[in-house]
Amino acid sequence: MCKCDEALASPLPHTAFTSSSVFTNGYAPGYAKLNRRGGAGGWSPLDSDHYQWLQVDLGSRKQVSAIATQGRYSSSDWTTRYRLLYSDTGRNWKPYHQDGNIWAFSGNSNSESSVRHELQQGIVARFLRLVPLDWSEEGRIGLRMELYGCSYWADVINFDGQGVIAYRFKVKKVKIIKDVITLKFKTSESEGVILHGEGQQGDYITLELHRAKLLLQINLGSNQYGSILGHTSVSSGSLLDDHHWHAVVIERFRRNVNFTLDTHTQHFRTNGEFDHLDLDYELSFGGMPYSGKPSGGGRKNFKGCMESINYNGDNITDLARRKKIDTSSFRNLTFSCMEAHSFPVFFNATSFLQLPGRANHNAASVGFQFRTWNPDGLLLFSNLGDGTLEVSLEGGQLAVHINASRSGGRSHYADMSSGSDLSDGQWHAVRLVAKENFAMLTIDGDEASAVRTSSPLSITTGGTYHLGGYFQQTPFPPLQRSFQGCMQAILLDDQPADLHAVEKGVAGAFENVSLDMCAIIDRCMPNHCEHGGRCKQTWDGFSCTCDGTGYTGATCHTSIYEPSCEAYKHLGRSSDTYWVDPDGSGPLGPFKVNCNMTEDKVWTTVMNNLPAQTTVMGSSRDRRTVLQVNYSASMDQVTAITTSAEHCEQHISYSCRTSRLLNTPEGTPYTWWVGRGSEKHFYWGGSGPGVQKCACGIDRNCTDPKYDCNCDADQKEDSGLLVYKDHLPVSQVAVGDTNRPGSEAKLTVGPLRCQGDGNYWNAASFTTPSSYLHFSTFQGETSADISFYFKTSAPYGVFLENLGNTDFIRLELKSPTVVSFSFDVGNGPVELQVHSATPLNDDQWHRVMAERNVKEAVLQLDLTYRASRPAPPQGHTRLELFSQLYVGAAGGQRGFLGCIRALRMNGVTLDLEERAKVTPGVKSGCQGHCTSYGVYCRNGGQCVERYNGYACDCTATAYDGPFCTREVGGFFEAGTLVRYNFLSEAAAAANRDAWSMAHPLSSQEVTLEQEEVAFSFSTSNAPAILMYVSSKTQDYLAVLLRQNGSLQVRYHLGGLREPFSIDVDQRNLANGQPHTFNMSRIDRSVTIQLDHYPPVTYTLPDASDTQLNQVKTLFLGKVYETGHVDPELIDRYNSPGFVGCLSRVQFNGVAPLKYALRTPASSLPASYQGKLVESNCGASPLSIPPMSAATDPWHLDNTDAEFPFNEERVVPDGVNRNSAIIGGIIAVVIFTILCTLVFLIRYMFRHKGTYHTHEAKGAGAAGAEAGVGGESADTAIIGTDNPETIDESKKEWFI
């Protein structure tokens, strides 16, 4: 192709140049040629103001690709900023657009150097007009210029709204697999069919104008059942009735279509299942075919001009010129374009147009057309002889206010309104007639809907009309003052307004009005609101409504949801159902998953709709039954989860009766399953890819060893886990052997379960300032978002940067407290900074999120600090980068030292780890997560580092769960007790490793001067012993419930005749409600807190000892002690023992109840006797303080998005919630009956046992016989199975 860069203006004669005015003869427009010095060295107008222009007539339509300007030779006159208009006729000008705005070119800064601009959107025109906007401060407007381009020629056909070109196919029916259609059109009409073709099978293609938008409708055929409809409709552009040329290209291959309008391309796939376009006879251009079926539905034919029509290589316009094609429907076929006679006027917020009407007449009559995006504005205002007339837009409705007086001096008002949504950018026609006692308002020629009023009026016209604005002082000013938009076809008092006379200054007056031009822009086309956000616009800008999309920001670009369950865990969230968005701002929408946060893993579960044990019968190899497995997310969404997961699994089960499965060992499988990418797989759960076996074949334990699947021998079942994640999830199962007599199969496909999120932990460590990673150029022209975590101990460093010619983007730690986001899209560098209140080089993880779009730029740090900057209303919007993307500083200047992880750009996570493996100075992964996330390990849980995260070790606490927030408790029946032995040397040695974190009280630490006690309890029975700590001496500590349900603490430390008793609360705490108890003693000071009441401090008497000597055993629920025990406690509180729930029991760093529940019964030092059932005692797990529902974006109650399936919440043991509720009700009923029976039996056989505090004779021998091994004698009593070793008087009866 030849380069389109010839000088177009220099060869032209002087007469081709015209201008608004000339300073003197030497400054004529003909001298305005680049680098010429003729005359005064260029053009200058008479006045340097905003109404001046320089115009060039190229003689014929030319393709223009660039423009260059210079100041006037050897002077102080130049133009610093200008606008470019173009036209085919020297009328109806169109301003040059770029980046969605009427473009202002930067001009010159002196008189000699030339400044050239390439036109991004090349234009074709005969006339070009340059309008100076700013000029030299030292001089005046001065200009020399050149246009660059090449010749242009095209066949043009004028369509009169009647004629249609029929392009006949060589055969009656054609099956077309590939189409290429190109054409250009221009029109003043908002409706009209541009091309149409159809076939008898229902296929069709139609390109038409509808409401001044281009609509492409295509149907390659619906399927035979009609369940999949083939109709596809896509619209593009708007305001296409501007009588300027618009270029269309339609490219189709099978179902893939590229639809281009004026350089904006949309890619889509047609609906349905077919690839061919089946058309009959012909394709018609300009309207519906006359010979076709009456399927036009009242559609109008196209009225306007078309050129360069090409269909699959045939030049339709050339064929029409050579009469090789049917044009018989045209009354008069012309090959030149009939120009429109409209004369539009363009108003901005400071404009007005004053026009003369007819004065002192008893009727006012006005008519005009207008178009605008603003719902409010003044269209017309006139001072009547005695009153005012106002026509305005109010909330998208047309309103007329007439204030006129009758004889007698009384004022009369008439108000009318009509229409709706008239600020939609379309042309709307207004006609108003007002005369004696009558007024009528008509919108868009709809006489039937005209509004009339018969108010008492007397009209005397004032003779002057103001359109588009009124800024003068008047006793009755209009409600609106200005209008932004366009008007045309202005009719005042039945006379068309002579706007040519106004332009020449002969009639009327105007200010800041652009004549013969409508510079309206549709800022919602193309739509910058992403992810389904709704675009709303005014004349000056647009805004996006993101409600219900799952995204936020000025252009609905950023997801409000986290990418994975892993991310939710690290916000301190517990197991629940959450919305996730794995690709953030990418094309995948958010969806719901179940997140199960276990102690060491995070499981993501996606449910499917295939019922468990789905029965299949009557299938064969020839006619397999295909079961479709649909998920609560699309296949692309599920794939995003499996791709980033570390491990995925899916349980699959095949129960069979005379139904073979894989036909092992060598046969063709009867049944297979289809996974990701629609690929068939011939292995079953428990096996792996490439191995045609079931789980029993891998484990070599099939019922019949001749086969590798049980069902291949017609035996019971084959089931197992599918774990090759690149094949998951299961989307179909084809069953093929259930047609024999008595044959049946039952299939179960479980939910997809994935664990871990590789993207979230994908990290790299930068060990030298000169180290960096490089990736391909970042593509973020109109919207770009970047998010990552960093941690460092360095005071500064560049996180990442990408450069262009002048454009760039950079994120940087500027100082220990400042993060900077800087970029340039062509309007000059912009920098946003956020300032942290605390240093960021604290070696903890910090989260950075940056976004830049056509509306604004935003920088956010740690979800706390935020800075934003609106984009300039005029200017470049595209970020054009060319270099590689560097993570770290490419030049080694201010290089980053530290870790970066989870770097995501426009929804795509960059694989830092993989790139770091081959890059010197950078290491894969990053340690040290506990510094940031250790805060989530609660209640004394210890944070443990993992390569890809952290875990909370709850071993030494009375809690478990992922954050050590779930209370561990037990339900005690009558007689149940838990004992923890402090003095067991053997126990201390056996458990030293497991309990090293707990600092257990070993035999050397027998004397205590302080205690920390905490537990929760609930019971309805009193009295009871909650906790008792015994010793080898007579010292003890007891926490008990008295007969009246009040709580008492007893300290017996020696020095006092009686134990020191503290009555904590006089309320009855045996009320079935949960209560919490916390106590700490240091020396003589005892501080106790009960429930939510304030702590209370008590002091031991001076005579009391302060040491709990030689602690021996801790009891919960009941005391069995052979050493010294307070007889009053035994007699009054020990029978029948505590009945109820105890939880989160902690004593000086030991969790005795949890230890007893979680270790084998024979394990030391903890054990229990009786029935102890683990329970959380109704406690709700502690979590991070939750957000309110109003501010919580993950709160699911308010969402209107629903799944098409019944979702079951995943519970740890896999039990269905409904089943659990029913089972619970049955258990409560049985429990109530058993309690009643126990009460009756107990009443009948009541026997008060006695208990001596002296050690039983021979207890030591009994202990040795029982093999306890070093335990004290009381253990022998509790541990023995032989009741004969206990004296009858020392027994207590338990039922």
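Cβ from N, Cα, C; glycine included.
Disulfide annotation in TrEMBL: CYS926 is bonded to CYS899, selected among CYS899, CYS952, CYS954.
Taken together, the residues of the domain 'F5/8 type C' (1-150) have an average pLDDT of 93. Taking DSSP states H, G and I as helix and E and B as strand, the domain 'EGF-like' (520-557) has 0 helix, 10 strand, 28 coil. Sequence-distant contacts of the domain 'EGF-like' (520-557), counting only residues of its own chain at least 6 positions beyond either end whose CB sits under 8 Å from a CB of the stretch, comprise 97, 100-102, 213, 236-239, 242, 264, 346, 371-374, 425, 484-486, 579, 581, 585, 589-590, 782-783, 785, 851, 853-856, 858, 873, 1200-1201. With a cut-off of 8 Å between CB atoms and residues at least 6 apart in sequence, the same chain places ALA763, ALA764, SER765, LYS791, CYS899, ARG901 near CYS926 (disulfide bond), listed in sequence order. Remark: secondary structure over the domain 'F5/8 type C' (1-150) totals 9 helix, 72 strand, 69 coil, with classes taken from DSSP.
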